[in-house]
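Look at TrEMBL and you will find 39 tagged as active site. As annotated by TrEMBL, active site, proton acceptor applies to 88. Annotation comment: TrEMBL describes 39, 228 as Mg(2+) binding site. According to TrEMBL, the substrate binding site annotation covers 40, 41, 42, 43, 44, 57, 85, 86, 87, 92, 209, 215, 216, 217.
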């Protein structure tokens, strides 16, 4: 669903409306897991005639920090951020990728030092520079015992590859113990889910994408089978708290059917 509310400024009307949305959400069904496709950083920079896409990516990184605070304040337990797909690794200019690697490195380090948040990398490390791989691993180890907001950073991520990796993980775990027929009998959706990058976590209840695009782009293909979708016209750096609150309000109004 796309947002249809009229745009608001940042003045008194905005503040009143924001408080009204927050009051409405009290006692409502809040998603436990929100997945966000961070989209529009480059177009945001181009729209402003900035000299490089890095300005958009840095603005997006700053917005991520805000967004996570909004989620934490609402009591959301897990947030997954789609920052860099495996397809991006081969499809972006090398200079832009280098800047983006640096920005994500700084972001991972910053988030891992933010109170009680837990940071986890979801994706492959192949194709990522050593410094970024180290920063993601350090962020994970630094926050492994944290019990606050669980933040998944999807970097070098692809949904189809994740499913393939899950199947490989199952084969490694059980392949030497049984025949292919026995292994085929063992396979269940729950077993496959346990071997995904997000194994042990709840599937996303609400998936949001910014920039007006309405597609998954190979993001959480397995986990989003029963997710509710919400599309925001704004580029990610322009995302406002009221946009997010509208998405959660829309989710709370829906009757989830889980495929039935």
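Cβ coordinates are placed from backbone N, Cα and C, and glycine is handled just like the others.
The residue listed as 'active site, proton acceptor' and residue 209 (substrate binding site) are 17 Å apart (CA-CA, integer value). Cα to Cα, residue 87 (substrate binding site) and residue 39 (active site) are separated by 14 Å. Most buried of the recorded positions 40, 42, 88, 216, judged by other Cβ atoms within 10 Å, is 40. When the binding-site residues 209, 228 are scored by other C-beta atoms within 10 Å, 209 scores highest. Fewest Cβ neighbours within 10 Å among the recorded positions 39, 87: that distinction goes to 87. In this structure, residue 42 (substrate binding site) is part of a helix by DSSP. The Cβ of residue 44 (substrate binding site) has 24 other Cβ atoms within 10 Å, all protein chains considered.
Under a cutoff of 8 A between CB atoms, and with a sequence separation of 6+ in the same chain, the neighbours of residue 85 (substrate binding site) are 154, 156, 157, 158, 217, 218, 219. Residue 228 (Mg(2+) binding site) has 216 as its nearest neighbour among the recorded positions 39, 42, 44, 88, 216, going by CA to CA distance. For the recorded site, residue 87 (substrate binding site), the DSSP three-state label reads helix. Binding residues for substrate (40, 41, 42, 43, 44, 57, 85, 86, 87, 92, 209, 215, 216, 217) extend across at most 22 Å, taking the greatest CA-CA distance.
Note: the Cα of residue 40 (substrate binding site) and the Cα of residue 88 (active site, proton acceptor) are spaced 14 Å from each other.
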